[in-house]
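These notes are about the structure you will find just below.
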Amino acid sequence: MDAVILCAGKGTRLMPLTENIPKPMLPVGGAPILERIINKIDKLVENIYLIVKYEKEIIINHFKNNDKIKFIEQTDIDGTGYAVLMAKNHISGDFLVINGDIIFDDDLTNIVNDDVKNIITLNEVDNPSNFGVIVVDNQNNIIELQEKPKNPKSNLINAGIYKFENKIFDILETLRPSERGEVELTDAIKELIKENNIKGIKLNGYWNDIGKPWDLLDANTHILKNIKTDIKGKIGKNVVIEGAVIIEEGTEIKPNTVIEGPAIIKSGAIVGPLAHIRPNTVLMENTGVGNSSEIKGSIIMKNSKVPHLSYIGDSIIGENCNMGCNTITANLRFDNKPVMVNIKEEKVKSVRKFGAIIGHNVKTGIQVSFMPGVKIGSNSWIGANCLINNDIEKDSFVYKKEEIIIKTKRK
């Protein structure tokens with residue numbers, strides 16, 4: 001059996017993090033989402049076909065040394081259905097299709113070993129209206145698919161993992177683009193439903209469709225629950241390490257630093273002195289957290305620095321950022337209500353504690369503060385003493401004008 005993983009989309013709801021990086025390559029628990037999916041299925045399949053398009057070079061360069069992986073560029077037409085169709089000339093039998101932006105616990109052996117040819121995996125949720133809803137009969141035959149319905153007939157949703165027989169390619173070739181101009185995989189599934197030829201199987205354990213920034217933090221927290229302590233690198237005097245913590249080779253933890261697990265500190269990171277790393281934090285490769293800085297429940301991506309006297313809480317900082325002294329991310333409203341975040345020009349409720357989403361190559365001056373839920377576009381500079389309470393577009397230069405009055409003292 002082979003597998004097709006859909007990795008071509010832009011991931012606009014995760015902007016600014018996806019302004020330079022494809023969504024499947026965003027880190028969760030210290031590794032890209034796509035790498036976690038591939039590790040799940042590596043022993044179940046013979047070949048893995050990655051359907052790529054947006055920022056494809058990043059994906060190709062990361063996985064180019066894996067002989068099992070082949071890359072197919074999605075051309076001409078957008079849509080998940082057309083993405084699957086791109087693999088037609090490479091696959092002869094049954095195969096898996098997996099969305100490239102999901103985190104899940106299930107090992108998928110039940111799906112692979114099941115005699116049923118066409119399967120959609122299902123997950124039970126409290127908010128089915130946000131997803132594609134699946135209705136099944138008492139034998140798990142799928143009898144209806146509803147796309148983000150206002151009045152869902154079920155709390156079972158499409159979990160984005162499928163098994164198909166080769167016949168699906170014939171159906172996909174007959175489909176016309178939707179109103180969005182895309183060939184949709186769901187339209188092919190509806191044809192299988194008409195034929196009474198597709199079943200649903202519930203996934204076991206955790207599942208998360210990484211569609212919004214706080215989903216990254218939720219999945220990150222879940223993965224960190226299962227880590228085991230593995231401490232390498234250079235550990236300075238009076239360093240306190242509590243709970244499950246992974247510190248990779250090539251790191252340096254300077255004196256009097258406190259690290260509370262679960263947490264992961266990747267190779268090349270320099271932490272301290274007097275830094276405080278709190279639970280559910282991941283510091284990616286070559287990051288820096290300096291004197292008296294505190295990081296809590298956050299992801300700091302590659303090559304980014306939080307040098308001194310700063311607080312980063314429930315936030316995500318992109319690659320190659322530098323936070324000036326006393327940079328603060330606020331993460332809680334006075335009324336304890338969910339933090340509101342702009343997603344594609346719409347205000348969306350996130351979670352109770354949620355900080356800032358900072359894109360790539362961002363610099364802040366001294367004493368910059370971010371209000372809960374703000375997003376900072378990539379390649380932006382935020383000048384000293386700014387309080388940021390609105391989203392900032394990429395390539396912006398934000399600064400504050402203040403009049404400084406200088407007088408001669410009276411004698």
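Using N, Cα and C of the backbone, Cβ positions are placed for all residues, glycine too.
Taken from Swiss-Prot, the feature UTP binding site covers LEU6, CYS7, ALA8, GLY9, GLN74, GLY79, and the record attributes it to similarity to another entry. According to Swiss-Prot, the feature N-acetyl-alpha-D-glucosamine 1-phosphate binding site maps to THR80, GLY132, GLU144, ASN158. The feature region 'Linker' is assigned by Swiss-Prot to 205-224. The annotation region 'N-acetyltransferase' is assigned in Swiss-Prot to 225-411. Residues annotated as active site, proton acceptor in Swiss-Prot, with similarity to another entry given as evidence: HIS308.
On the structure: features taken from Swiss-Prot.
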| residue | record | contacts (Cβ under 8 Å, 6+ apart) |
| --- | --- | --- |
| LEU6 | UTP binding site | ILE51, THR80, ALA83, VAL84, VAL97, ILE98, ASN99, GLY100 |
| CYS7 | UTP binding site | PRO22, PRO24, LEU34, LEU50, ILE51, VAL52, LYS53, ILE59, GLY100 |
| ALA8 | UTP binding site | ILE51, VAL52, LYS53, TYR54, LYS56, GLN74, ALA83 |
| GLY9 | UTP binding site | PRO22, LYS23, LYS53, TYR54, GLY100, ASP101 |
| GLY132 | N-acetyl-alpha-D-glucosamine 1-phosphate binding site | LEU145, GLN146, GLU147, LYS148, ILE157, ASN158, THR186 |
| GLU144 | N-acetyl-alpha-D-glucosamine 1-phosphate binding site | ILE134, VAL135, LYS153, ILE193 |
| HIS308 | active site, proton acceptor | GLY290, ASN291, SER292, SER293, CYS325, ASN326 |
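Taking Cβ pairs closer than 8 Å, the region 'Linker' (205-224) reaches residues 13-14, 17, 23, 26, 28-30, 33, 99, 101-106, 123, 131, 159-160, 244, 261-264, 279-280, 282, 297-299, 314, 316, 341, 343, 348, 350-351, 354, 357, 375 in its own chain, all 6 or more past its ends.
The DSSP breakdown of the region 'Linker' (205-224) into helical (H, G, I), extended (E, B) and coil residues amounts to 12 helix, 3 strand, 5 coil. A Cβ within 8 Å of the Cβ centre of LEU6, CYS7, ALA8, GLY9, GLN74, GLY79, the residues given for UTP, is found for these other residues of the same chain: ILE51, VAL52, LYS53, TYR54, ASP78, THR80, ALA83, GLY100.
Taking the Cβ of GLY79 (UTP binding site) as reference, residues of its chain lying under 8 Å away and at least six apart in sequence are, in sequence order, PRO177, SER178, ARG180, GLY181, GLU182, VAL183, GLU184, LEU185. Put simply, the two farthest-apart Cα atoms among THR80, GLY132, GLU144, ASN158, the recorded binders of N-acetyl-alpha-D-glucosamine 1-phosphate, are 19 Å from each other. Cβ neighbour count for GLN74 (UTP binding site) (all protein chains, 10 Å cutoff from its Cβ): 22.
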